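Heads up: the structure comes next, in structure tokens.
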Amino acid sequence: VVCFFPFVSPEEERKVKANDREYNEKFQYASNCIVTSKYNIVTFLPVNLFEQFQEVANTYFLFLLILQLIPQISSLSWFTTIVPLALVLSITAVKDATDDYFRHKSDNQVNNRESQVLIRGSLQNEKWMNVRVGDIIKLENNQFVAADVLLLSTSEPHGLCYIETAELDGETNMKVRQSISVTAELCDPNHLASFDGEVMCEPPNNKLDRFCGTLYWREKKYPLTNQNMLLRGCVLRNTEACYGLVIFAGPDTKLMQNSGRTKFKRTSIDRLMNTLVLWIFGFLVCMGGILAVGNAIWEKEVGFLFQSFLPWDPPVDNFLFSAFLSFWSYVIILNTVVPISLYVSVEVIRLGHSYFINWDQQMFCSQCNTAAEARTTTLNEELGQVEYIFSDKTGTLTQNIMTFNKCSINGQSYGMLNFTPLNPLADLNFCFYDEKLLESVKVGDSHTHEFFRLLSLCHTVMSEEKSEGELVYKAQSPDEGALVTAARNFGFVFRSRTPGTITTTEMGQTVTYSLLAILDFNNIRKRMSVIVRNPEGRIRLYCKGADTVLVERLQPCNQELISITSDHLNEYAADGLRTLALAYRDLSEEEWEAWSESHQFADKATDCREDRLAATYDKIEQEMILLGATAIEDKLQEGVPETIALLSLANIKIWVLTGDKQETAVNIGYSCKMLTDDMTEVFIISGHTVQSVRHELRSVFFLVQILPNLIISGEFALVISGHSLAHALEPDMEEEFLSTACACKAVICCRVTPLQKAQVVELIKKHKKAVTLAVGDGANDVSMIKSAHIGVGISGQEGIQAVLASDYSFAQFRFLQRLLLVHGRWSYLRMCRFLCYFFYKNFAFTMVHFWFGFFCGFSAQTVYDQFFITLYNIVYTSLPVLAMGMFDQDVPDQRSLEYPKLYEPGQLNLLFNKREFFICITQGIYTSVVLFFVPYAVLSDATQSNGVPLADYQSFAVTTATALVIVVSVQIALDTGFWTVFNHVFVWGSLGSFFTIMFALHSQTLFRNLPNQFHFVGSAQNTLLQPVVWLTIALATAICIVPVLAFRFLKLDLKPQLSDTVRKLKFSFYDPSVSALLSSQCVPL
């Protein structure tokens, strides 16, 4: 499928005319074809290679390959570079091609789905990619919606239809959509073919819960909202058929607008590596320059003496040009300080670490049959460096399974004793603990009945009756489902709804209410209301919402009831319960008529419609009478307090960002041990103005600075509300907020929006050189997850949006301790040890060429056989370092959890930094000095057993290469802290393969077949039979290794690290001194 998208300027307003393709095509709207793939057959090779050579390393190695193809400057064969480079490019290309093949396959599958399109008065089957803006399409039950369409009519009464939005937001609960009344009767193709309405609406955007537009038809205009839209990706359910007008197609649909690519995340080690590679390249240029200067001096002072029998090769005609060519020759020879195998090995190790996370049975949740998943392979070592965790509360720290726990009705609090079902329609899983409330319902207390009547009417729950008496509620939020279930179990059963009615069973009697209006909930209003007319004709408004917004809208006549209920609300919040206040208001017919008229006027407004509606809602939601309050329990997940306590001991700061009210969030903070009674002070910032917030922040910062000086020790926590946070995040105040918050051990932000969550994360990233991790479970956490260095998704009750946006996912928050303290710490440790050893072994290997240059007339002659140069990083030393990078560990996983302080080296970046890098290369240079000068000194005067001198180039090359492989093998044996079967096989197997391959390459057979390629015939057999050679190798090995051993023993004895001390437990379990040293670091599990 090939799709072309015309370039047009950004839209300010979209105009769509039904059944008029010619009119709509002049706006050049996008077709309904989607393309998520990156390549096609023609563009794959050039585009993929271009992308791969955006990597500095690949470009660097291509440059070296070009140099090696110039015979005048290359003393190495071209295959020493092209083979590994081609291997890396091929593996990456195959991976990219495979990924893109599946994207093409998915695109074709979607684009070739069929939909029924109304064309010239009849329905015709068209592929999705041929659907155009302005087409009218027919959808049938269980079909995916092809584009973003305006619902015109349905087969259901009142123009209703039911959809499932799992592909959009991960929620499997059905949602209701309704066509506007003026088009609801257009139910057959003949009527729809004559429909010529025009829609004017907002341009394409990614807001799933918002749509604003107007339909113009027959000289009238009708407002359109999100309730009238079916979005691409939804599935039609429980509806025989419906018709819709295509408004947005293909890339303009809200589904595709939300599928933007996630920003590529790089680790701090990656960023450091880029800097180090540039330094190494500069070092390489310096070494090449030194040797080139040496070549010029040697050619001028000494080389001319050999011109008669060893003339310069054309086109060299003077010593300066010889030096110029020598410089490039040495750049080629010395390039192995950063071999391409380094980048391949890093990716292999990261892939292995990802599989270890996926395979960890201790991070598998048997209850929901969900394993941990590493959704990226690039961030594993960053897991070992986290300093800040930003966590959602509901569904992340808690289970997001709501239970009706307590309530307050007319000043009486309930929720203590046992509950017995009252009616045959009760939910048998419902638990409540107060018989007094049950008795109050039975005796017909009017306040109690009105309380549960409100809960059965004021909601957006859908009801499905699978069989007589078997009701299934489908709620858009667990809170709402819990409240309707509570009403059901106390005898007020919600049975069904239509656009104009709500049917309930009240104490066994079926009652149908006329639904006059629904005043929607949103994060700004923080309340929801319905206006209903009962069978007797009385009109009443029922409202539920946050107590902070409801109390100010109550009649002031009963302050005592308001005060008692407020006390109950505070008690419930102190218990960590989620609270709502309930109220009602009776409306006269005249009040209703007047308000209904103003509501219709606001609803039809084309400008500022949402603000007008909000003002209208606010007008009617006044002078209400308080009924009571509800308290819903959202229990902590298993292991949350232990996990937070453990992470805090690992010096990880945890910030909770929640939409809950302050009291609930604070109590949850105490429950999960973020806040403790031992804290010196828990500061609360709740100012409503810029000045008050600034004053409160400065006061807190002052106290945080001086209190630790007045007492022995002090820990502080900060709690800040959403309206205060909005001011604190202003550019002129953000640094003050950050300084105050970072001085506290724990921070809780209440009543925050999804955008504010992301802004808090960005604030830490901007001003702190610290690794951040965000963890959440809902769509409202996606922006926070994407903003953090590492995003973790909890696969919980709120869909899969958070998981899809995350880098790692698992089922429960408690698994975070194992992800960070075990897998993260090990990944960081392994990667650091791998890099340190890799740079060491390659400097030891490469710098021998540098010293040899001073003894070969700076001729760019290599020390080693060219086959050894090719195989050194691919065969002889690749697998041992891979095994160390994959399997090494300093302490077992259980010890990592018992001693969380072991995590701190990663936070401080102690194991691989610029200092450690220079130590590694210094050791490598020292090793190269020993490996060159010890054999040179010994073999210069040594002879074979038959008296023939050993001072020849080939014997020296074999001796140096053998000593090098043995030294680096012994070094990795010392560096390996945890031996597995793989380590043994790879280390000793690589050493054995070196001798096997060397004897084979130096054999008579290969020389006879390819004499121009294999020059070292018999060298290995002849050299390694000499005792003096083995003594030389042993001496060089001892000189290289003994200082390392001595240094490590002294360091272990004089300045041990915590990991060294923990390891001693295995051997000194009953040593009192060791036990005393560790007692302060240990966490009882």
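Heads up, the Cβ atoms here are built off N, Cα and C, so glycines get one too.
Those TrEMBL annotations? Automatic predictions, nothing curated.
As given in TrEMBL:
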type	residues	note
TRANSMEM	60-89	transmembrane segment
TRANSMEM	276-298	transmembrane segment
TRANSMEM	318-344	transmembrane segment
ACT_SITE	D392	active site, 4-aspartylphosphate intermediate
BINDING	D392, K393, T394, E480, F521, K544, R578, T658, G659, D660, R751, K757, N780, D781	ATP binding site
DOMAIN	803-1056	domain 'P-type ATPase C-terminal'
TRANSMEM	834-855	transmembrane segment
TRANSMEM	867-887	transmembrane segment
TRANSMEM	917-938	transmembrane segment
TRANSMEM	953-974	transmembrane segment
TRANSMEM	986-1007	transmembrane segment
TRANSMEM	1027-1050	transmembrane segment
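A map of TrEMBL features onto the structure.
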{"residue": "D392", "record": "active site, 4-aspartylphosphate intermediate", "CB count, 10 Å": "30"}
{"residue": "T394", "record": "ATP binding site", "CB count, 10 Å": "28"}
{"residue": "F521", "record": "ATP binding site", "CB count, 10 Å": "19"}
{"residue": "R578", "record": "ATP binding site", "CB count, 10 Å": "22"}
{"residue": "G659", "record": "ATP binding site", "CB count, 10 Å": "21"}
{"residue": "R751", "record": "ATP binding site", "CB count, 10 Å": "21"}
{"residue": "N780", "record": "ATP binding site", "CB count, 10 Å": "21"}
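If you look at the transmembrane segment (953-974), the same-chain residues 6 or more away from its ends with a CB under 8 A from one of its CBs are 837, 840-841, 844-845, 848, 863-865, 868, 876-877, 880-881, 884, 927, 931-932, 934-936, 939, 987, 990-991, 994, 998, 1002, 1015-1016, 1019-1020, 1022-1024, 1029, 1032-1033, 1036-1037, 1040-1041, 1044-1045, 1048.
Rounded to a whole value, the Cα-Cα separation of G659 (ATP binding site) and the residue listed as 'active site, 4-aspartylphosphate intermediate' is 9 Å. Pairwise Cα distances among D392, K393, T394, E480, F521, K544, R578, T658, G659, D660, R751, K757, N780, D781, the recorded ATP-binding residues, top out at 26 Å. The transmembrane segment (986-1007) is not in contact with the transmembrane segment (834-855), judged by fewer than 3 CB-CB distances under 8 Å for residue pairs 6 or more apart in sequence.
Most Cβ pairs under 8 Å with the transmembrane segment (917-938) belong to 834-855, among the candidate stretches 276-298, 834-855, 867-887.
You'll find the Cα of F521 (ATP binding site) roughly 21 Å from the Cα of the residue listed as 'active site, 4-aspartylphosphate intermediate'. Under 8 Å from some Cβ of the transmembrane segment (318-344) lie the Cβ atoms of residues 57, 60-61, 64, 67-68, 70, 72-76, 81, 84-85, 87-88, 91, 277, 280-281, 283-285, 287-289, 291-293, 295-296, 299-300, 303, 312, 838-839, 842-843, 845-846, 849-850, 853, 858-860, 862, 869, 872-874, 878, all in the same chain and six or more residues away from its ends.
Counting residues 6+ beyond its ends, the transmembrane segment (867-887) has Cβ neighbours under 8 Å at 76-77, 79-80, 83-84, 336, 339, 341, 345, 348-349, 352-353, 830-831, 833-834, 837-838, 841-842, 845, 957, 961, 965, 968-969, 972, 975-976, 978, 980, 982-983, 986-987, 989-990, 993-994, 997-998, 1001 in the same chain. For the transmembrane segment (834-855), same-chain residues at least 6 beyond its ends with a Cβ under 8 Å from one of its own Cβ atoms are 269, 273, 287, 291, 294, 330, 333-334, 336-339, 342, 345-346, 349, 861-864, 872-873, 877, 881, 884-885, 911-912, 916-917, 920-921, 923-925, 927-929, 931-933, 936, 960, 964, 967-968, 971-972, 975.
Across the structure, R751 (ATP binding site) and the residue listed as 'active site, 4-aspartylphosphate intermediate' place their CA atoms 11 angstrom apart. The predicted model assigns the domain 'P-type ATPase C-terminal' (803-1056) a mean pLDDT of 90. A Cα-Cα distance of 15 Å separates the residue listed as 'active site, 4-aspartylphosphate intermediate' from R578 (ATP binding site).
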